[in-house]
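Before any comments, here is the structure.
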Amino acid sequence: MSSTSLPSSGKPLKLRINRDSEGYLSLVTESGEIYRCPICGNDRFVYNYERGEVVCIVCGAVVQEQLLDLGPEWRAFTSEEKGQRARTGAPLTRLISEALTTVIDWRDKDVSGRELDIKRKLEVIRLRKWQTRARVQTSYERNFIQAAQELERLKSSMGVPRPCVEQALEIYRQALEKELVRGRSVEAMAAAALYMACRMMRMPRPLDELVRYTKASRREVARCYRLLLRELNVKVPISDPVLYISRIAEQLKLSGEVVKAAIDILQRAKKAGITAGKDPAGLAAAAVYIASLMHGDNRTQKDFAVAAGVTEVTVRNRYKELAKALNIKVPVK
């Protein structure tokens with residue numbers, strides 16, 4: 001991959017570097033927002049050890065240079081090697097240690113995914129109850145631990161970055177202190193907190209996608225989100241459709257040229273005033289679909305709908321609106 005250096009602004013950015021399980025880097029600003037490549041909008045990077053540079057994996061732009069590697073000096077290729085060579089503890093996190101311990105799952109299924117018989121199910125319910133009681137004392141602690149476990153589970157299922165989960169836990173803590181959780185399910189409130197945190201961190205996820213991974217209904221989660229928005233003193237930015245592009249492109253393995261074209265389409269749509277009141281995920285999917293057709297990638301609208309977490313009808317309607325309003329002549333398949 002060829003690298004392109006960005007023009008220097010004179011003042012270096014102060015970014016915190018996180019590394020995921022696949023070895024890719026994510027950058028977090030001092031204000032807690034996820035940093036994105038200014039060229040293509042991607043949020044995943046790699047580290048060039050020889051040059052001390054952080055490089056975008058999509059377009060190859062160098063977003064940070066002349067960095068010191070603050071990680072360990074040793075290399076490990078398996079989790080066993082990493083555990084043997086590590087000489088320090090885990091990084092500090094808002095997620096309390098009790099929330100990261102092994103718990104008995106709520107699905108009441110065995111290791112093969114089969115439903116437990118009624119006798120075994122009652123036994124598991126009793127064990128789950130005693131495990132919760134043994135770990136914490138007060139109702140406040142039990143509720144908070146349960147929420148932390150639920151957020152950790154959602155993080156693993158959805159692939160949400162840890163900064164978003166930590167922010168969601170902080171939101172839940174505030175809701176718990178104001179007694180907003182009383183009378184509402186922990187699952188719905190935790191999902192609403194995560195939805196809010198992802199938007200605050202500029203890494204929005206569609207609500208329908210989040211609901212697929214929780215026991216709470218879409219109506220419950222939406223109601224809890226509106227409650228948090230009304231009662232907590234937090235500022236949630238309006239979702240920018242551009243923020244959805246990198247994730248759609250990553251799932252469909254699209255080129256950097258398609259990403260740039262999709263971003264340009266959305267920027268033109270904003271200037272034309274046709275993005276207000278529209279679902280940002282649907283707009284992003286339609287823009288990427290148009291950009292793909294313009295670059296000869298003739299995939300179906302269903303592919304883009306699945307990647308964005310919206311319906312095929314939404315992609316089709318937004319596609320027609322963008323093409324008509326911006327006078328884009330899309331090549332016919």
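In case you wondered, yes, glycine gets a Cβ from its N, Cα and C as well.
Cys40 (Zn(2+) binding site) counts 23 other C-beta atoms within 10 Å of its own C-beta, drawing on all protein chains shown. Residues or ranges marked as Zn(2+) binding site by Swiss-Prot: Cys37, Cys40, Cys56, Cys59.
If you look up Swiss-Prot, you'll see 149-232 marked as repeat '1'.
Positions annotated as repeat '2' by Swiss-Prot: 243-324.
Residues in the zinc finger (33-64) partition by DSSP class (helix H, G, I; strand E, B; coil) as 0 helix, 13 strand, 19 coil. According to Swiss-Prot, the feature zinc finger maps to 33-64.
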Winner by Cβ contact number (other Cβ atoms within 10 Å) across the binding-site residues Cys37, Cys59: Cys37
Output field, Zn(2+) shell: CB within 8 Å of site CB centroid, site Cys37, Cys40, Cys56, Cys59 dropped: Pro38, Ile39, Gly41, Asn42, Ile57, Val58, Gly60, Ala61, Val63, Gly256, Val259
Listed in sequence order, residues with CB under 8 A of Cys56 (Zn(2+) binding site) and six or more positions away: Cys37, Ile39, Cys40, Asn42, Arg44, Phe45, Val62, Val63
Arithmetic mean of per-residue pLDDT over the zinc finger (33-64): 78
